[in-house]
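Notes follow once the structure below has been shown.
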Amino acid sequence: MKALHFGAGNIGRGFIGSLLKTSGFELVFTDVNEEVIHELNERGEYTVELAAPGQKQEVVGPVSAINSAQNPAALTEAVATADLITTAVGPAVLKIIASSIAEGLKQKKPDHIINIVACENMIGGSSHLKEAVFSHLTVDEQEALSRTVGFPNAAVDRIVPIQHHEDILKVSVEPFFEWVIDETGFIGDVPQIDGATFVQDLTPYIERKLFTVNTGHALAAYVGYQQGVQTIKEAVDTLEIRQIVEGALHETGNYLIDTYGFRKEEHDAYIQKIIKRFENAFISDEVTRVARSPLRKLGANDRLIGPAKKIKQPVYLIKGIAAALAYDFAEDEEAVRMQALRKEKGIEGVLEEVCGLTSTDDLYQAILKETAL
């Protein structure tokens, strides 16, 4: 089977691409980074290193790559003939690649089945991508392609930190990973992907990941930044920060247990597994990388405000939200915009325009009280 993966960055190569190749797919990457594309085609393989004791290495190949900007015709052909298309480009880029996917789908054979899985750090990534792709198609094309093109949603989880190697293709990843895919979204047979989990209902897994991994990561970053630490490991090694992170994850955990029926003992163990991942000495993950894009992360349904709205009288989550609202890293465009909004309209303006809260919300008042301390 042929797989086309959009995004030849560290996540694409070190996570999704690696699993697809291990599963026996003929793998093609597409990206706009000519240096990476050239090296992938020149060598036909790359190295993935586990960020763990022993630093085990795996060579992934053979692979090939297409520069989507320089060779759109080749990309159209690759889309049209792929059996599986995956992405790891970032949520904001999905709408940019949608036109290329649409063009390829229009060129495919009428009975050829393609499934497209967006592997992004967002809820409903494949559904968002489908909407963007279909915006480039006529109603008749949409109707015809709906019978042969699936867009199953997925939840992905693997820490791939910022890194620098002499070898531009080498990538370090943590040993832990989770790729959960909604099998009901596939057209035709569900593909064999080693390491992926296929489920009937993705929602519990999406919220568990978002409200544990993403919430905990963000809290460690924002509170850590305010305390002057440099990395996520330093943050969770600091008792006061760790207490806030663990406290918030038990708050979100109670909601997840009550809502989806996760067993308390198992979920508590899951929380500790996540904390251990943050402690990984082989991953130097800077708080400013994890904290970036605070406007998105403070959104109404994202990792901070989202769970806080579902919990009665959160305490630790609110401490983390207050730290996020104070995030002012000068090299982060969203942080600069957020602080400009706060200066112009006060914390109330940020809560209303960014977080989607109103003055009648208990959470709004609780955050105001915390930020006034």
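Note that Cβ sites are derived from N, Cα and C of the backbone, with glycine treated the same way.
Under the DSSP three-state reduction, Arg13 (NAD(+) binding site) is assigned to helix. If you look up TrEMBL, you'll see Ala3, Leu4, His5, Phe6, Gly7, Ala8, Gly9, Asn10, Ile11, Gly12, Arg13, Gly14 marked as NAD(+) binding site.
Summarising the annotation, TrEMBL assigns domain 'Mannitol dehydrogenase N-terminal' to 1-194.
TrEMBL lists 201-368 with the feature domain 'Mannitol dehydrogenase C-terminal'.
Long-range neighbours of Ile11 (NAD(+) binding site) (same chain, six or more residues apart, CB within less than 8 Å of its CB): Ala88, Cys119, Arg158, Val160. Secondary structure at Gly7 (NAD(+) binding site), taken from DSSP and collapsed to helix, strand or coil, is coil. Across all of the domain 'Mannitol dehydrogenase C-terminal' (201-368), the predicted model scores a mean pLDDT of 97. Ranking the binding-site residues Gly7, Gly9 by C-beta neighbours within 10 Å puts Gly7 at the top. Its Cβ placed at the centre, Ala3 (NAD(+) binding site) has 26 other Cβ atoms within 10 Å.
Sequence-distant contacts of His5 (NAD(+) binding site), defined by Cβ-Cβ distance under 8 angstroms and a gap of at least six in the same chain, are Gly12, Ile16, Gly17, Leu20, Leu27, Val28, Phe29, Thr30, Ile85, Thr86, Thr87, Ala88.
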